[in-house]
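> According to Swiss-Prot, the record shows the following:
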- R27, Q28, A29, G30, R31, D77, Y154, S209, H327: substrate binding site (BINDING)
- D77: site 'Transition state stabilizer' (SITE)
Amino acid sequence: MSELKNDRYLRALAKQPVDVTPVWMMRQAGRYLPEYRATRAQAGDFMSLCRNAELACEVTLQPLRRYPLDAAILFSDILTIPDAMGLGLYFETGEGPKFERPISSLSDVKKIPKLDPNDDLGYVMNAVSTIRRELKGEVPLIGFSGSPWTLATYMVEGGSSKVFGKIKKMAFAEPQTLHLLLDKLADSVIDYLNAQIKAGAQSLMVFDSWGGVLSPRDYNEFSLQYMHKIVDGLIREYDGRRVPVTLFTKNGGQWIEAIAATGCDAIGLDWTINISDAKRRVGDKVALQGNMDPSMLHGTPERIRQEVATILEDFGTGNGHVFNLGHGITPDVDPENAGVFINAVHEFSAKYHK
């Protein structure tokens, strides 16, 4: 495989010196780009796009053709694992993902098959290897998965939720059922991410989108301990390089010390925590990723540049910062504003790396 031409992102995750702060965007391959919308229309629907390695590669590379990004992220979905477990994933227009056969009992959990990622999720591995080849060493490729808790919320709720009533009922009325599900999911995530590494992923991210709906005690019990298990089970060196892992819990700012203690390389931050506060609290244990509010991309170019400058100033000098949004870029953002954001990070950060 080609030698990396731009390893800023991996160096920042290792808290090594860089010339400028690296930047990428969650959901950088997405509906805000007209070329993405055209490719998705060609695929027919979202999961067909995910399952076609050439088209998944195409949409992964699209933002890199537009912007000087420092990393590519696999185009896929966090729900590939429960889909492969036979829950019948489908998408309803305007309502997001749903499952035909949600999990509601211990017997449902016991029936969940053990996955072989190279077989049951072979289309993801094909996409990873295709993207890695087509990147030609320009930037590193990030692989990812949802966290066990976040995957379980969709599997038990049967789709997206605002109140999480079903999974919280299971957590408190049948905790042993939920723990069995979370344990199975943790094992599946470990196998899935390790397969992505072998297919070509050079860094990993675990998205705990819904960890923030839990109380501190319940977060430790139902989310964090399973992410800790994942970190312990991952391949940490491959092809002569460390494979860093970033954990991202949305609304998880109150728990960053505990997240840092898992042994992860970096913590993803949303916009509800000040990055200077996060840096003070975790010290040099981990790198930090984030954390501009994605809604800021609706601001004027001047306002976007001002926010980038403020966050860089808040982080200050020192290594270990990957600039990102605090969550995914939204479909209604002007692509020009995304370019303003990315260019501002490189322009304003150089003075912090002299």
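Numbering starts at 1 and runs along the chain as displayed.
Just so you know, glycine gets a Cβ as well, placed from its N, Cα and C.
Values in this document were obtained by computation on a predicted structure and should not be read as measured data.
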> Give me the count of other Cβ atoms within 10 A of the Cβ belonging to H327 (substrate binding site).
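The answer is 22 other Cβ atoms.
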> Rounded to a whole number, how many Å is the Cα of A29 (substrate binding site) away from the Cα of D77 (site 'Transition state stabilizer')?
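On Cα coordinates alone, these residues lie 12 Å apart.
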> Give me the Cα-Cα distance between D77 (site 'Transition state stabilizer') and R31 (substrate binding site), rounded to a whole Å.
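Here the two Cα atoms lie 14 Å apart.
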> Between R27, R31, which of the binding-site residues has the fewest other CB atoms within 10 angstroms in the structure shown?
R31
> Let me know how many other Cβ atoms fall within 10 Å of the Cβ of D77 (site 'Transition state stabilizer').
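There are 17 such Cβ atoms around D77 (site 'Transition state stabilizer').
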> Have a look around A29 (substrate binding site) and count the other CB atoms within 10 A of its CB, chains all included.
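I count 25 other Cβ atoms within 10 Å of it.
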> Taking 10 A as the limit, how many CB atoms besides its own sit near the CB of Y154 (substrate binding site)?
26
